[in-house]
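A.B. asks: One structure, as structure tokens, below. Some questions next.
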Amino acid sequence: MYTNMKEWKHVFKLDPAKEISDEDLELVCESGTDAIIVGGTDNVTLDGVLDLLSSIRRYTVPVVLEISSMEAITPGFDYYYIPMVLNSHEKKWMMDIQHEAIKEYKDIMNWDEIYVEGYCILNEEAKAFQQTNCKLPSEEDIVAYAYMVENIFHLPIFYMEYSGKYGNPELVRKVKSELKNTQLFYGGGIETAIQAKEMKEYADVIVVGNCIYTNIKEALKTVQAVKDN
């Protein structure tokens, strides 16, 4: 199911390495969220991705694969997100892995379905921060990354990833002020409808992930909180 991504306000993020009951998955997929992102850091396997995809496909919600492992790439998703980790010390997370993916898959890639994300990981304790060997940027650095994503790289998405930690709404506001065409995605630490509503004041799209596994009722409330904003 294809929709206009520019109209999205809320997405849920599901980790293929985590267990979710059929009942909870139905609640998530039928919640009114604009899309489901499938992605994770640890133990992301092709089997896990395929199992989750086949379960989500029982519903009409658009589904996105956020690529963190070349071994887990598979057809069948509506969209594919390719992260470029801007604040990594290692060029491979910004350029080399993407280069390998292009060499491997360019003949079958449909660029109408593929979106490159300028990705900024902002929680030092997050597994993704450590795995990609990131440095913690200053606020000035983050604003500059956003400017680069919009004006140098011309990427469609700038993703502020706090990965389990609730971020600074004022910083999100500053970042948003740099972006006119690039969509601002915010993810991290949203556990209540109030937090979702607060971040949606500035971010274009709110991503809710961990809360699905810790408090499904609160996670579901974030959808309407964002849509009403």
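Positions of Cβ are set from backbone N, Cα and C atoms, glycine also.
What TrEMBL records for this protein is below:
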BINDING   Lys13, Tyr159, Met160, Glu161, Tyr162, Ser163, Gly164, Gly189, Gly209, Asn210  sn-glycerol 1-phosphate binding site
BINDING   Asp15, Thr41  Mg(2+) binding site
A.B. asks: Given Lys13 (sn-glycerol 1-phosphate binding site) and Thr41 (Mg(2+) binding site), what distance in Å do their CA atoms have, once rounded to a whole number?
C.D. replies: 12
A.B. asks: When DSSP states are folded down to helix, strand and coil, where does Met160 (sn-glycerol 1-phosphate binding site) land?
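C.D. replies: Where Met160 (sn-glycerol 1-phosphate binding site) sits, the three-state DSSP reduction gives strand.
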A.B. asks: For Tyr162 (sn-glycerol 1-phosphate binding site) and Thr41 (Mg(2+) binding site), what Cα-Cα distance in Å is obtained after rounding to a whole number?
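C.D. replies: Cα of Tyr162 (sn-glycerol 1-phosphate binding site) to Cα of Thr41 (Mg(2+) binding site) measures 13 Å after rounding.
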A.B. asks: Taking the Cβ of Thr41 (Mg(2+) binding site) as the centre, count every other Cβ atom within 10 Å, in any protein chain shown.
C.D. replies: 17
A.B. asks: Tell me which residues of the chain lie with their Cβ under 8 angstroms from that of Met160 (sn-glycerol 1-phosphate binding site), as long as they are six or more apart in sequence?
C.D. replies: Cys120, Leu122, Ile142, Gly167, Leu171, Val172, Val175, Leu184, Phe185, Tyr186, Gly187, Gly188, Ala203
A.B. asks: Taking every protein chain shown into account, which of the binding-site residues Gly164, Gly209 has the largest tally of Cβ atoms within 10 Å of its Cβ?
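C.D. replies: That would be Gly209, with the highest Cβ count within 10 Å.
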A.B. asks: Given Gly164 (sn-glycerol 1-phosphate binding site) and Asp15 (Mg(2+) binding site), what distance in Å do their CA atoms have, once rounded to a whole number?
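C.D. replies: Answer for this pair: 13 Å between alpha carbons.
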A.B. asks: What is the set of residues, excluding Lys13, Tyr159, Met160, Glu161, Tyr162, Ser163, Gly164, Gly189, Gly209, Asn210, whose C-beta falls within 8 angstroms of the centroid of the C-beta atoms at the sn-glycerol 1-phosphate site?
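C.D. replies: So the extra residues in range turn out to be Asn123, Ala126, Lys165, Gly187, Gly188, Ile190, Val207.
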A.B. asks: How big is the gap, in Å, between the Cα of Asp15 (Mg(2+) binding site) and that of Gly209 (sn-glycerol 1-phosphate binding site), rounded to a whole number?
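C.D. replies: That comes out at 8 Å between the alpha carbons.
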A.B. asks: What's the longest C-alpha separation between any two of Lys13, Tyr159, Met160, Glu161, Tyr162, Ser163, Gly164, Gly189, Gly209, Asn210, the listed sn-glycerol 1-phosphate-binding residues, in angstrom?
C.D. replies: 17
A.B. asks: Between the Cα atoms of Gly209 (sn-glycerol 1-phosphate binding site) and Thr41 (Mg(2+) binding site), find the distance and write it as a whole number of Å.
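C.D. replies: With the alpha carbons as reference points, the distance is 13 Å.
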